[in-house]
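> Dropping a structure here in structure tokens format, bear with me for questions.
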Amino acid sequence: MSRPVRNRKVVDYSQFQESDDADEDYGRDSGPPAKKIRSSPREAKNKRRSGKNSQEDSEDSEEKDVKTKKDDSHSAEDSEDEKEDHKNVRQQRQAASKAASKQREMLMEDVGSEEEQEEEDEAPFQEKDSGSDEDFLVEDDDDSDYGSSKKKNKKMVKKSKPERKEKKMPKPRLKATVTPSPVKGKGKVGRPTASKASKEKTPSPKEEDEEPESPLEKKASSSPPPEKSGDEGSEDDAQSGED
């Protein structure tokens, strides 16, 4: 590949050639031209950046100062507001406590007045019913005495029961007493019938409790009956058959 040929301009330096005197005059009149130091593009960029950064830093610092001032003002306002709020809350609490205490006092006064009225109303009723109340108390005492009397009666009944049992205990039967009967024929003693003997043998418990035994009967019971002869026994059998 062949490279393209560049266009080149031909410069004629003859046009710019002047006399030596002119050069000398020019050199005397004007001093050597001051050379300007060209700064590299990197340095220019750095300067621009540094300038921008400095401006940004200054703006940031100003904004920060403004913010700090605002914050200080806000904090002062907030502190004042908080103080006022605390004061308001305290005042509200104090007012609520005072109102509650007043309500309690009013209620206590109302209750006390009602109780006084009730006591005044109940006083005449109590005076009227005092006698009946005493009677009622006496009746209560009577009831208590009645309960104690019941207990005493129960104790007495319990004590009397064993005595009755002792009375009911069977006593030894008394032996039949032999009494002489009127003579029927030939002047001989007749023997009592079996029915009479049985009646005499079984006395009633009432009679046993009421009538004490006589000493004669005890002696007769202790002595054995007399023995009879054979003739008397036959006569007794005949009499029982006739009956």
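Keep in mind that glycine also has a Cβ here, set from the backbone N, Cα and C atoms.
This is the feature table in Swiss-Prot:
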type: REGION; residues: 1-243; note: region 'Disordered'
type: MOD_RES; residues: S14; note: phosphoserine
type: COMPBIAS; residues: 35-51; note: compositional bias 'Basic residues'
type: MOD_RES; residues: S54; note: phosphoserine
type: MOD_RES; residues: S58; note: phosphoserine
type: MOD_RES; residues: S61; note: phosphoserine
type: COMPBIAS; residues: 64-77; note: compositional bias 'Basic and acidic residues'
type: MOD_RES; residues: S79; note: phosphoserine
type: COMPBIAS; residues: 91-100; note: compositional bias 'Low complexity'
type: COMPBIAS; residues: 111-124; note: compositional bias 'Acidic residues'
type: MOD_RES; residues: S113; note: phosphoserine
type: COMPBIAS; residues: 132-145; note: compositional bias 'Acidic residues'
type: COMPBIAS; residues: 149-174; note: compositional bias 'Basic residues'
type: MOD_RES; residues: T179; note: phosphothreonine
type: MOD_RES; residues: S181; note: phosphoserine
type: COMPBIAS; residues: 197-206; note: compositional bias 'Basic and acidic residues'
type: MOD_RES; residues: S204; note: phosphoserine
type: MOD_RES; residues: S229; note: phosphoserine
type: COMPBIAS; residues: 232-243; note: compositional bias 'Acidic residues'
type: MOD_RES; residues: S234; note: phosphoserine
type: MOD_RES; residues: S240; note: phosphoserine
> Would you count the other C-beta atoms found within 10 angstroms of the C-beta of S79 (phosphoserine) for me?
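10, counting other Cβ atoms within 10 Å of S79 (phosphoserine).
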> Relative to the Cα of S61 (phosphoserine), which of the modified residues S14, S79, S113 has the closest Cα?
S79
> Of S14, S79, S113, which is closest to S58 (phosphoserine) if I measure between C-alpha atoms? They're all modified residues.
S79
> Among the modified residues listed here, S14, S58, S61, S113, whose Cβ has the fewest other Cβ atoms inside 10 Å?
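Counting other Cβ atoms within 10 Å of each of the modified residues S14, S58, S61, S113, the minimum falls on S14.
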> Under DSSP, the compositional bias 'Basic and acidic residues' (64-77) has how many residues in helix, strand and coil?
14 helix, 0 strand, 0 coil
> Rounded to the nearest Å, what's the C-alpha distance separating S14 (phosphoserine) and S79 (phosphoserine)? Just drop the number here, would you?
89
> Any idea what DSSP makes of S61 (phosphoserine), helix, strand or coil?
helix
> Let me know the DSSP-derived helix, strand or coil state of S79 (phosphoserine), please.
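In three-state terms, S79 (phosphoserine) counts as helix.
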> Give the distance between the Cα atoms of S113 (phosphoserine) and S79 (phosphoserine), rounded to the nearest whole Å.
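Each residue's Cα considered, S113 (phosphoserine) and S79 (phosphoserine) end up 51 Å apart.
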> Could you give me three numbers for the compositional bias 'Acidic residues' (111-124), the DSSP helix, strand and coil residue counts?
14 helix, 0 strand, 0 coil
